[in-house]
Amino acid sequence: MSGSGDHRDGGPPGPDGGWKIMGKKSKKPGQVGGRQWAPGSSTNVTPNTARPAWGGNGSSHPSGTTWAQASDRGAANRGNPRPPPQTLRPVLTPPLANGWQWQSRPRPSGSEVEKDDAPPSGSDPEVENVDGNNTSDDDDDLSDDISNDYDSDASEKSFETRKTNKWFKEFFEKLNTLSVEQINELAREWHCPACKNGPGAIDWYKGLQPLMTHARTKGSKRVRLHREFAALLEEELSRRGTSVVPAGEQFGKWKGLRESTDREIVWPPMVIVMNTFLEKDDDDKWKGMGNQELLDYFGEYAATKARHAYGPSGHRGMSVLIFESSAVGYMEAERLHRHFVNQGTDRNAWQLRKVRFVPGGKRQLFGFLASKEDMEAFNKHCHGKSRLKYEMESYNKMVVMQMKQMSEDNQQLNYMKNKMVKTEQRSKAVEESLGVVSQKLRETIEENIFVRSKAKEKHLEYEQEMKYQEEFFHSQIEDIHKATEDKEKLFEKLLQEERSKARRFDVDSGTTKDCKLRKDHVQKFIDCQVKDVAEFEAERDELIKIHEEKKMKLKKEYMEKELELEKELDAALTGLMEKHKPDAFEASSS
């Protein structure tokens, strides 16, 4: 049975039509004697979910046209012998936008209209027929009552006519006598008119919200009648300028997160470090911390570069740590910013307190994430290329999306690792299944390696022998070349000595005629010697040329023969491999 009930003194409803105001204090202080009802317009709220009061003490109630949380627990505390079930209720369906539109449905036949409105005395409208027919008398009555005496159009007259139905007339007449404030009273209790003369007729509903929820969620008997009552009640309250606010919505709207959490950040990530002065120099200008010194102070935060601001008075005491242009770099900058915040040396501390020195005379450093205003202040006295370049970028684009991409890459990496593990497991299984074949293959490979090593040894021996022979012949050739050079040097020396003798010959002694003859003889000797030398050089060049041609011809013949030998070896090895080619392996079908 839907809803909570309270049967006072075991008797029927009161003489005023069954609608009476009941007030009862809770037995426990601070306890709200109400049960949360699911919102009529939501299909996701669990009816039994309890919500704390927004007032803070658990006992306050909203005012105005909002409706209090109604509960079956109050009835249970009053000793109701039939407490409402706490099991899972069926999912609530939202009401139709235009009601059930009974006026647009086919009207029953005349024979159905002529049935008696009042149920027979002593009968229970909710009990099924004894012959097994699931259609109860209530369904027949409902077909008559909710479609009788009003037009098929959704007009004002049809709504008023539907309210005069025998099931609802008394309820709406009582409702019309109440003001909006009285209707909204939380202590007012109601009976369900659709449950009249049946199970649930004696149940009390504290406030209209539990009554509306009962009418919308009734799922066993008189379902159509309950839905019609819910539609009429909702329309009536709407016309009266109020509504039944579902539990959990009685404070109206909630304010959630902002539609967009994006913001502009300085890129690349930077952290401003303040109070990096040191002292004034002889020119009355400030000196400050150096780049490497600043990086060393914050070495655990992986800053890539450091810069300092300078002005007419020297160092301005304002420095900046520049981090990697990535999401990881921003995380490092933000981690350093939080460190300053936790230490109490952040932006607020610098702007409000500016405690520049700590006990001992050391300067206290302050730091915070850079903003656009900070960067403009940093570049105040910088011009051209000396300005520190930065951009204002989207936080979601540069950090959130990169972090998501890193997460996806990490998941992909884990997937590939798992895939690699599975691949290794499959490879291990294949390796074990091919153990015998692999063993035989290894034996064959070892035999081949042995044969190749022997062949390689022989090849090295042959190469060594050829090398020795080549060295011997080269040595012989070098000796011949050296002997030839010695002979040429001796020949040239002999020519120079003879020419020197001729030049030292005394041609000036004796008579003039003798001198002239001797001079002619010397000149003739020298000219003859020069001519012989020229002929020697020409013939020597010709001999060398013929020698080189013979050497080239010999080398060519040698290379051709060596190429033929290599081809013969290749053909022999190919034939050998064809001879010893293994048969194709075929897996056994067994």
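Just so it is clear, glycine is given a Cβ too, placed from its N, Cα and C backbone atoms.
Keep in mind that TrEMBL annotations are predicted by a computer and have not been checked by a curator.
Positions annotated as region 'Disordered' by TrEMBL: 1-159.
As annotated by TrEMBL, compositional bias 'Basic and acidic residues' applies to 1-10.
Residues or ranges marked as compositional bias 'Polar residues' in TrEMBL: 39-49 (among others).
Annotation comment: TrEMBL describes 59-69 (among others) as compositional bias 'Polar residues'.
What TrEMBL records for 136-153 is compositional bias 'Acidic residues'.
As annotated by TrEMBL, domain 'Zinc finger-XS' applies to 192-230.
Helix, strand and coil counts under DSSP for the domain 'XS' (262-376) come to 38 helix, 38 strand, 39 coil. Under the heading domain 'XS', TrEMBL lists 262-376.
For the coiled coil (533-571), the list of distant contacts is 495: same-chain residues at least six beyond its ends, Cβ to Cβ under 8 Å. Residues or ranges marked as coiled coil in TrEMBL: 533-571.
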DSSP residue counts for the domain 'Zinc finger-XS' (192-230), split into helix, strand and coil:
21 helix, 2 strand, 16 coil
